[in-house]
Every structure is written in C-alpha cells, then in structure tokens.
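Undergrad: Quick paste of what Swiss-Prot says about this protein:
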- 1-141: domain 'RNase H type-1' (DOMAIN)
- D9, E47, D69: Mg(2+) 1 binding site (BINDING)
- D9, D133: Mg(2+) 2 binding site (BINDING)
- 123-153: region 'Disordered' (REGION)
- 125-153: compositional bias 'Basic and acidic residues' (COMPBIAS)
Amino acid sequence: MKHVHIFTDGACSGNPGPGGWGAVLRYGDVEKEMSGGEAETTNNRMELLAAISALNALRQPCEVDLHTDSKYVMDGISKWIHGWKRNGWKTGDRKPVKNGELWQALDEARNRHNVTWHWVKGHAGHPENERADELARKGMEPFKKARRADAVK
C-alpha cells in the first residue's frame, strides 16, 4: 500500500466570507498541490474541504499521514464523529451536526484509506503547513476579488 503524507489548511476572510482551502500531497519525492474556494463559507468548512479533497484525490487505498492545524477537524474526526454517527448525525442535544454533509463526506473519504491524523501548530514555521496555508489563500483570492468588485458597483 502506498504511503502518502497530506498537509491541509483552510482560510477565510470574514467568518462567514470568502474562503479557500489548500493541500499538499506527497508520495516519495512526488508532490501535488491542490486548492479551491467558495464565495461565502466558514473557516471550518474550508478546513474540512481541504481534507476531503486531498483524500478523494488518491486513486487507490493508501496509508495516509494527514497533518492539519485545525483542532475542529482533529476533535471531530477523533472524538465527536462516533457519537454523531450513532445519533444519526445529530449532536448530544439532538440538533443536526454543523457541516454534517462535509463530516459525512470526510468519513467516507477516510474509510477508503488507512489514515493517521496529526495536529500541527498553525503559523509556527512548519514548511508544508505554511505551503498549505498559501494554497488556501490562493484558493480564496478569486472570491475576495469578486467581493471587492461587487462593493465598488
């Protein structure tokens, strides 16, 4: 089974507001960079989309070390998701899970692989995390420009 390292990040200008996600995938000495964004979103949604998009880009089941600076993603995938699934994607107080469709997509994506999750401190000089952050900002930029253009009209 191939062993892939993934580094993800999300960014948002305003929360909600224009947002982007970025991911760096590394297999041996081959590296792939990905990014995307949305016009009106939240930072948490972008963090989730980064992980989902990166895992879905893998064409076959892999051993994955996924690195994120998002406590939301780390806590959700390692602590909260089991109860949400047991409760039909509802929280302990029976409310729908926020970003439930993304959590379900992440659960499906991770189940195709053997994923080990790692938390890294954001903006602390971790080169791959910094690159994922740059990619997330790049993914957000077209939506920020569109918002600025709308403000001038």
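Numbering starts at 1 and runs along the chain as it is shown here.
The backbone N, Cα and C atoms fix where each Cβ goes, and this holds for glycine too.
Any idea what these are sitting next to in the structure?
TA: Per-residue pLDDT, averaged across the domain 'RNase H type-1' (1-141), gives 97.
A coil conformation is recorded for D69 (Mg(2+) 1 binding site) in the three-state DSSP classification, outside any helix or strand.
Non-local contacts of D9 (Mg(2+) 1 binding site) by the CB criterion (under 8 A, 6+ apart in sequence, same chain) comprise W21, G22, A23, E47, A50, T68, D69, S70, G122, N129, A132, D133, L135, A136.
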Undergrad: Could you say which of the binding-site residues E47, D69, D133 has its Cβ with the most other Cβ atoms inside 10 Å?
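TA: Answer by Cβ density within 10 Å: E47.
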Undergrad: Note the Cβ centroid of D9, E47, D69, the recorded Mg(2+) 1 site, then list each other residue of that chain whose Cβ lies within 8 Å of it, in sequence.
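TA: Going along the sequence, the neighbours appear as T8, G10, M46, A50, T68, S70, V73, G122, N129, A132, D133, A136.
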